[in-house]
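Student: What follows is a structure written as structure tokens; I'll ask about it next.
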Amino acid sequence: MMDQSIADAFPEVQVLEHEPLSKYTNTQTGGPADLLVFPESVTETKRLVLWAKETDTPLTIIGNASNLIVRDGGIRGLTLILTKMDDIQVNGNEVVAEAGAALIQTTEVAYQAGLTGLEFAAGIPGSIGGAVFMNAGAYDGEISEVVTSAEILTRDGEIKNLNNHELDFGYRHSSVQDYQDVVLSATFKLRSGDANKIRARMDELNRLRASKQPLEYPSCGSVFKRPTGYFTGKLIHEAGLQGFTVGGAQVSMKHAGFIINVGGATATDYMDVIHHVQATVLKQFGVTLETEVRIIGEEK
């Protein structure tokens, strides 16, 4: 039965109970969320965050669930998925996108406005919130290079506007991770450009992705961070791990840095593959592979 306090506090909000998160993650794995809500506005998100604090309910925030593994035991308390907060506005050379907006769609909006600077993100399957949270990047570009500010919501329900310096970006890191704040929106400072050149660069990067990455299978994208002085995929390839499989989770033959769902994988399968890859690379090369993918939830 639904937690009556959340039903009383939010009679107008659809609250899903014991909802399998495998329906929403890119890996198509993950256990249930006790309570799941898709907030549609900043106001609604703030009210839900404050409710969680006031009722001492564990709170988890999810974006597009593209670089995410949810363990098979699922997530206790309240989970918010922000994908319905997806407005994108263009103001001169600035693009302001809400946290749930897809990064791919944001790059398209920038292109249509004749703005250059976001081409590197073409094809990255995450949300704006997730991209800021982890300073997403590819092909020599990073979110930190184009974000001027982000509106965030603290776990105390306070809305702040953090500039680029305050976001303290690093390799796959931002201050949002340190304080577990909620990204509400981000502002990108771009430049006027030639629409044909912008489109050509986006198409080129999408072709590169398709040729190098196993896009035909469910996956969580790049699993490991790049260790200093090494290429992750090369290490995994040289360790002879491509094709290594546990259950339905497999180290991709196409790109060693990806773990794909070849059918019926569980999050436990994914974690077993990750741990085996880490142990093997450490033993063979003395290199520790840290996970880039966000791993949350409880063991089953």
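For all residues, glycine too, the Cβ spot is worked out from N, Cα and C.
As annotated in Swiss-Prot:
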type	residues	note
ACT_SITE	Arg172	active site
ACT_SITE	Ser222	active site, proton donor
ACT_SITE	Glu292	active site
DOMAIN	29-193	domain 'FAD-binding PCMH-type'
Student: If one measures from the C-alpha of Glu292 (active site) to the C-alpha of Arg172 (active site), what distance in angstrom results, rounded to a whole number?
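Tutor: Rounded to a whole number, the Cα-Cα distance is 7 Å.
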Student: Would you mind checking how many other C-beta atoms are within 10 angstroms of the C-beta on Glu292 (active site)?
Tutor: 19
Student: Please work out the number of neighbouring Cβ atoms within 10 Å of the Cβ of the residue listed as 'active site, proton donor', leaving out its own Cβ.
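Tutor: Taking every protein chain into account, the count is 21.
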Student: When a 10 Å sphere is centred on the Cβ of Arg172 (active site), how many other Cβ atoms does it contain?
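Tutor: 19, counting other Cβ atoms within 10 Å of Arg172 (active site).
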Student: If you average the pLDDT over the domain 'FAD-binding PCMH-type' (29-193), what number do you get?
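Tutor: Over the domain 'FAD-binding PCMH-type' (29-193), the predicted model scores a mean pLDDT of 96.
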Student: Could you round the CA separation between Ser222 (active site, proton donor) and Arg172 (active site) to a whole angstrom and send it over?
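Tutor: Ser222 (active site, proton donor) to Arg172 (active site), Cα-Cα distance: 11 Å.
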